[in-house]
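Shown next, in structure tokens, is the structure this report addresses.
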Amino acid sequence: PNLHLSCACFFRSSACVYDSLASNEFGLIGRSWAMVFLSGGYKVKVYDNQPGQASRAITDISRKQVEELQEAQMLRGKLSATEQLSLLSSHEDLSQALEGAFFVQECVFEELEAKKSVFQAVEKLVGEEVVLSSSTSCLMPSNVFSLVQNRTRCIISHPVNPPYYVRLVELVPHPETLPVVMDMAYELMTEVGQAPVRIRKEIDGFALNRVQYAIIAECWRLVKDGVISVKDIDLVMSEGLGMRYAFIGPIETMHLNAPEGLEDYLRRYREGMKRVLSSFGPVPEFDGEAAARINKEICELIPNDQEHLSARRERRDQLLMGLAKLKK
């Protein structure tokens, strides 16, 4: 594509907190977004208001990720690793990073005031036609973009971690977002190999986290109440529901699980579903004795030191890479 893309990836401004878990996590999201856009052949500019962080991010992308993906034959896009990396640059001056951009992707930590200030600063440096996009996982667009003057070009593009392997992107409009902006973001995400879905109006948690939190809540209740162990409830998902949900969703699952489709499924199982759902308990507090017990149980399976956690994350990414290859 001959359009110029600026991926403005912001991180925490205070040096003392950049190495915290939250800041590192969004650093990974920013790096992943850069790799996704590079795979589509776009020129990507990475900005960080912390001196040296943007250039270090590029080193990480170059040496540890893009080149390794090419060696594993999992590099996305039509360009080689060398060609993709030639499109990537880092900047410590925000105005330079934004120069010529048509799409800005924000990746700061999940704090409303930080995101609001980022977009207020960015808007002063870009033209009216530039799309402003946030990576927030659950903050409402009307709040994130409340300090932006022209909110018609604002949108949430919520990825799933890690975005390079898990292609879903939730596109969530501000109440004032123009349909053409949603269309443009949808086309861009599709072009760079993501799988965008349109959230038709803003809702707390969007779609993915509402579904995810519902699953987490019931799993938590079952473990808390002594119905099942942490190990076994994770197996319910990884060796049960997750096996088919990697390829088909819950509505299609119902449609396929009865001889005559969805209406037949509802006739057969409607009352049973309602009975089971009515037995669900209240929203868990996720703290106290239950949290300590569940944490102890998972840490016995996977110790929470960096060596073990890093190894499991590496395993996760390798398996996701294989699954993504299979789904092609």
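The backbone N, Cα and C atoms fix where each Cβ goes, and this holds for glycine too.
Listed features, source TrEMBL:
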type   : residues : note
DOMAIN : 27-201   : domain '3-hydroxyacyl-CoA dehydrogenase NAD binding'
DOMAIN : 205-269  : domain '3-hydroxyacyl-CoA dehydrogenase C-terminal'
SITE   : His158   : site 'Important for catalytic activity'
**Request:** Please report the number of other Cβ atoms within 10 Å of the Cβ of His158 (site 'Important for catalytic activity').
**Result:** 25
**Fill in**
The DSSP breakdown of the domain '3-hydroxyacyl-CoA dehydrogenase C-terminal' (205-269) into helix, strand and coil residues is 48 helix, 0 strand, 17 coil
